[in-house]
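Below, the features straight out of TrEMBL:
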DOMAIN    25-165  domain 'Casparian strip membrane protein'
TRANSMEM  33-51  transmembrane segment
TRANSMEM  71-92  transmembrane segment
TRANSMEM  104-130  transmembrane segment
TRANSMEM  156-178  transmembrane segment
Amino acid sequence: MADKTNAVVTRTYETGPCQEEDASSGIRTAETLLRLFPVGLCVAALAVMIKDSETNEYGSLSYSNITAFRFLVHANGILAGYSLLSAAFTAVPRPITMSRAWTFFLLDQVLTYLILAAGAVATEVAFLTYKGDVAVTWSEACGTYGRFCKQATTSIIITFLVVVCYIILSLISSYRLFSKYDAPVEYRNKGIEIVDFGN
(Lines of atoms letter the chains of each structure in order from A; the text may use other names.)
(Lines give C-alpha, C1' and ligand atoms only; values in the text may rest on other atoms or scores of the structure.)
Protein backbone atom coordinates (compact mmCIF):
# COMPACT_ATOMS: atom_id res chain seq x y z
CA MET A 1 0.00 0.00 0.00
CA ALA A 2 2.85 2.33 0.86
CA ASP A 3 4.56 1.55 -2.46
CA LYS A 4 1.40 2.44 -4.39
CA THR A 5 1.11 5.72 -2.49
CA ASN A 6 4.73 6.59 -3.24
CA ALA A 7 4.19 5.75 -6.90
CA VAL A 8 1.17 8.05 -7.07
CA VAL A 9 3.03 10.88 -5.33
CA THR A 10 6.05 10.45 -7.61
CA ARG A 11 3.88 10.43 -10.71
CA THR A 12 2.03 13.59 -9.59
CA TYR A 13 5.31 15.34 -8.87
CA GLU A 14 6.64 14.48 -12.33
CA THR A 15 3.59 15.71 -14.24
CA GLY A 16 3.21 18.97 -12.27
CA PRO A 17 6.04 20.93 -13.96
CA CYS A 18 4.96 19.64 -17.39
CA GLN A 19 1.44 20.96 -16.86
CA GLU A 20 2.80 24.34 -15.75
CA GLU A 21 5.10 24.45 -18.80
CA ASP A 22 2.18 23.60 -21.12
CA ALA A 23 0.06 26.35 -19.55
CA SER A 24 2.90 28.87 -19.87
CA SER A 25 3.43 27.83 -23.50
CA GLY A 26 -0.29 28.25 -24.21
CA ILE A 27 -0.35 31.73 -22.68
CA ARG A 28 2.75 32.72 -24.65
CA THR A 29 1.20 31.47 -27.89
CA ALA A 30 -2.05 33.35 -27.22
CA GLU A 31 -0.18 36.58 -26.45
CA THR A 32 1.99 36.20 -29.56
CA LEU A 33 -1.10 35.81 -31.76
CA LEU A 34 -2.78 38.76 -30.02
CA ARG A 35 0.30 40.88 -30.76
CA LEU A 36 0.41 39.72 -34.39
CA PHE A 37 -3.28 40.42 -35.05
CA PRO A 38 -2.94 44.25 -34.90
CA VAL A 39 -0.21 44.13 -37.59
CA GLY A 40 -2.76 43.21 -40.25
CA LEU A 41 -5.30 45.68 -38.91
CA CYS A 42 -2.78 48.55 -38.80
CA VAL A 43 -1.56 47.84 -42.33
CA ALA A 44 -5.16 47.64 -43.58
CA ALA A 45 -6.13 50.95 -41.91
CA LEU A 46 -2.94 52.58 -43.19
CA ALA A 47 -3.44 51.31 -46.76
CA VAL A 48 -7.08 52.37 -46.91
CA MET A 49 -6.23 55.88 -45.69
CA ILE A 50 -3.19 56.31 -47.97
CA LYS A 51 -5.34 55.45 -51.01
CA ASP A 52 -8.04 57.85 -49.86
CA SER A 53 -8.29 60.61 -52.43
CA GLU A 54 -11.02 61.85 -54.73
CA THR A 55 -11.10 64.25 -57.66
CA ASN A 56 -14.23 65.73 -59.23
CA GLU A 57 -15.40 68.96 -60.80
CA TYR A 58 -15.05 70.73 -57.45
CA GLY A 59 -11.37 69.87 -57.05
CA SER A 60 -9.20 67.24 -55.37
CA LEU A 61 -9.22 66.03 -51.78
CA SER A 62 -6.67 63.66 -50.27
CA TYR A 63 -5.88 62.34 -46.81
CA SER A 64 -2.63 64.32 -46.95
CA ASN A 65 -4.65 67.55 -46.93
CA ILE A 66 -5.92 66.77 -43.42
CA THR A 67 -3.46 66.68 -40.52
CA ALA A 68 -5.56 64.32 -38.39
CA PHE A 69 -5.64 61.71 -41.15
CA ARG A 70 -1.86 61.97 -41.62
CA PHE A 71 -1.47 61.45 -37.87
CA LEU A 72 -3.67 58.34 -38.13
CA VAL A 73 -1.45 56.93 -40.90
CA HIS A 74 1.75 57.54 -38.89
CA ALA A 75 0.25 56.06 -35.70
CA ASN A 76 -0.86 52.91 -37.53
CA GLY A 77 2.60 52.57 -39.08
CA ILE A 78 4.30 52.83 -35.68
CA LEU A 79 1.95 50.28 -34.11
CA ALA A 80 2.37 47.85 -37.01
CA GLY A 81 6.14 47.88 -36.49
CA TYR A 82 5.92 47.59 -32.71
CA SER A 83 3.34 44.79 -32.90
CA LEU A 84 5.58 42.77 -35.21
CA LEU A 85 8.69 43.26 -33.05
CA SER A 86 6.89 42.56 -29.76
CA ALA A 87 5.25 39.42 -31.22
CA ALA A 88 8.67 38.11 -32.32
CA PHE A 89 10.10 38.88 -28.89
CA THR A 90 7.18 37.23 -27.07
CA ALA A 91 7.30 34.08 -29.23
CA VAL A 92 10.79 33.19 -27.99
CA PRO A 93 10.63 31.32 -24.64
CA ARG A 94 12.60 33.23 -22.02
CA PRO A 95 12.11 34.04 -18.32
CA ILE A 96 10.03 37.12 -17.58
CA THR A 97 12.32 39.51 -15.73
CA MET A 98 11.20 42.64 -13.93
CA SER A 99 12.89 44.91 -16.50
CA ARG A 100 11.21 43.07 -19.38
CA ALA A 101 7.82 43.28 -17.67
CA TRP A 102 8.28 47.04 -17.08
CA THR A 103 9.36 47.59 -20.71
CA PHE A 104 6.30 45.83 -22.15
CA PHE A 105 4.02 47.58 -19.67
CA LEU A 106 5.29 51.08 -20.52
CA LEU A 107 5.40 50.56 -24.30
CA ASP A 108 1.94 48.95 -24.39
CA GLN A 109 0.49 51.83 -22.36
CA VAL A 110 2.11 54.57 -24.46
CA LEU A 111 1.13 53.01 -27.78
CA THR A 112 -2.43 52.33 -26.60
CA TYR A 113 -2.86 56.02 -25.83
CA LEU A 114 -1.17 56.97 -29.12
CA ILE A 115 -3.53 54.95 -31.31
CA LEU A 116 -6.53 55.97 -29.20
CA ALA A 117 -5.63 59.66 -29.65
CA ALA A 118 -5.15 59.18 -33.40
CA GLY A 119 -8.51 57.44 -33.72
CA ALA A 120 -10.31 60.05 -31.61
CA VAL A 121 -8.91 63.03 -33.54
CA ALA A 122 -9.62 61.40 -36.89
CA THR A 123 -13.17 60.61 -35.74
CA GLU A 124 -13.80 64.25 -34.84
CA VAL A 125 -12.52 65.44 -38.23
CA ALA A 126 -14.58 62.80 -40.03
CA PHE A 127 -17.66 63.98 -38.12
CA LEU A 128 -16.97 67.53 -39.29
CA THR A 129 -16.65 66.37 -42.89
CA TYR A 130 -20.09 64.80 -42.58
CA LYS A 131 -21.86 67.50 -40.55
CA GLY A 132 -19.76 70.63 -40.95
CA ASP A 133 -19.48 73.36 -38.31
CA VAL A 134 -21.54 76.52 -38.78
CA ALA A 135 -19.70 78.37 -35.99
CA VAL A 136 -16.41 78.29 -37.90
CA THR A 137 -18.07 78.33 -41.34
CA TRP A 138 -16.79 74.83 -42.11
CA SER A 139 -19.23 73.30 -44.56
CA GLU A 140 -19.71 69.57 -44.84
CA ALA A 141 -17.68 67.88 -47.56
CA CYS A 142 -19.16 64.40 -47.78
CA GLY A 143 -21.98 65.52 -50.07
CA THR A 144 -19.32 66.39 -52.63
CA TYR A 145 -16.62 63.85 -51.72
CA GLY A 146 -18.68 60.83 -50.68
CA ARG A 147 -16.14 58.16 -51.59
CA PHE A 148 -13.40 59.98 -49.72
CA CYS A 149 -15.51 60.09 -46.55
CA LYS A 150 -16.43 56.41 -46.78
CA GLN A 151 -12.80 55.33 -47.08
CA ALA A 152 -11.75 57.56 -44.18
CA THR A 153 -14.54 56.12 -42.03
CA THR A 154 -13.47 52.55 -42.90
CA SER A 155 -9.88 53.32 -41.87
CA ILE A 156 -11.06 54.84 -38.58
CA ILE A 157 -13.24 51.80 -37.76
CA ILE A 158 -10.29 49.46 -38.38
CA THR A 159 -8.14 51.68 -36.16
CA PHE A 160 -10.58 51.30 -33.27
CA LEU A 161 -10.30 47.51 -33.62
CA VAL A 162 -6.57 48.04 -33.07
CA VAL A 163 -7.42 50.10 -29.97
CA VAL A 164 -9.44 47.18 -28.56
CA CYS A 165 -6.52 44.79 -29.15
CA TYR A 166 -4.11 47.13 -27.41
CA ILE A 167 -6.40 47.65 -24.44
CA ILE A 168 -6.35 43.86 -23.94
CA LEU A 169 -2.55 43.77 -24.37
CA SER A 170 -2.19 46.60 -21.85
CA LEU A 171 -4.23 44.62 -19.32
CA ILE A 172 -2.06 41.53 -19.92
CA SER A 173 1.21 43.42 -19.51
CA SER A 174 -0.17 45.21 -16.42
CA TYR A 175 -1.14 41.92 -14.82
CA ARG A 176 2.22 40.35 -15.67
CA LEU A 177 4.10 43.27 -14.10
CA PHE A 178 2.09 43.84 -10.95
CA SER A 179 1.59 40.15 -10.19
CA LYS A 180 5.37 40.04 -9.58
CA TYR A 181 4.97 42.29 -6.55
CA ASP A 182 3.99 40.82 -3.18
CA ALA A 183 0.91 42.06 -1.39
CA PRO A 184 1.58 44.77 1.25
CA VAL A 185 2.67 43.29 4.57
CA GLU A 186 0.19 43.89 7.35
CA TYR A 187 1.51 46.41 9.87
CA ARG A 188 2.17 44.91 13.28
CA ASN A 189 2.78 46.96 16.42
CA LYS A 190 6.22 45.89 17.67
CA GLY A 191 6.38 47.44 21.12
CA ILE A 192 5.66 50.98 19.92
CA GLU A 193 3.56 52.87 22.43
CA ILE A 194 0.65 54.69 20.84
CA VAL A 195 -0.86 57.48 22.91
CA ASP A 196 -4.63 57.78 22.74
CA PHE A 197 -5.47 61.46 23.32
CA GLY A 198 -9.20 60.73 23.36
CA ASN A 199 -9.09 59.30 26.87
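Cβ atoms are placed via backbone N, Cα and C, with glycine included.
What TrEMBL says about a protein is an automatic prediction, not a curated fact.
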For the transmembrane segment (104-130), give me same-chain residues lying six or more residues beyond its boundaries with a C-beta closer than 8 angstroms to one of its C-beta atoms, as numbers and ranges.
66, 68-69, 71-72, 74-76, 78-79, 82, 86, 138, 140-142, 145, 149, 152-153, 155-156, 159-160, 162-163, 166-167, 169-170, 173-174, 176-177
How many helix, strand and coil residues does the domain 'Casparian strip membrane protein' (25-165) contain under DSSP?
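Final tally across the stretch: 111 helix, 10 strand, 20 coil.
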